[in-house]
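Visitor: Here you go, one structure.
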Amino acid sequence: MKKVGILNSEISKIVADMGHMDTLAVVDLGFPIPQGVKKVDLVVDRGKPGLMEVIEILLRELKVERIILAKEMDEKSIQTKQELLKLIEKMNGPVEVVTVPHKEFKEMSKNVKGIIRTGADIPYSNVILVGGVIF
């Protein structure tokens, strides 16, 4: 039995397969999952697990160089955005932050390696992580 790192076998595989510029989406419980994209559904209840909890665990193993957020976060969930940026910088170091309209974010999610659905119930609490390099 694996005893350290990401214990969810599906997420562990997605993270292990991530290369430079590959993308992984971590989304709220209402996000529409595109057909044909690998989905890992972690939701057990509203808010559980939360977005930050999942991001923190992912960043223990995944190097990120850029994140993509919906512009609507600035109006609907600015506190979540600020917490997310603080957590990512703490765990990963500085990253480029790209914001796009939510409609474009949904289109971009059609091309990710996987989507992890959290229990987050805060509007627009979705992020696309873009893989970096460790050298």
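Note that the numbers count up from 1, one per residue, in the order the chain is shown.
Glycine residues also receive a Cβ, built from the backbone N, Cα and C atoms like all the rest.
From Swiss-Prot, for reference:
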- H20: active site, proton donor (ACT_SITE)
- D28, H102, Y124, S125, N126: substrate binding site (BINDING)
Visitor: Would you mind listing, in sequence order, the residues at least six apart from N126 (substrate binding site) in the same chain with a Cβ closer than 8 Å to its Cβ?
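Guide: The answer is A25, V26, V27, D28, F31, L69, A70, F105.
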Visitor: Hey, for the substrate site built from D28, H102, Y124, S125, N126, who else sits with CB inside 8 A of the CB center?
Guide: V27, G30, F31, A70, E72, M73, S77, F105, A120, I122, P123
Visitor: Which of the listed binding-site residues (D28, H102, Y124) has the least company, meaning the fewest other Cβ atoms within 10 Å of its Cβ?
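Guide: Across D28, H102, Y124, these binding-site residues, the one with fewest Cβ atoms within 10 Å is H102.
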Visitor: So which of the recorded positions is most packed in, judged by how many other Cβ atoms lie within 10 Å of its Cβ, out of H20, S125?
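Guide: By the 10 Å Cβ neighbour count, S125 comes out on top.
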Visitor: C-alpha of the residue listed as 'active site, proton donor' to C-alpha of S125 (substrate binding site): distance in Å?
Guide: 24
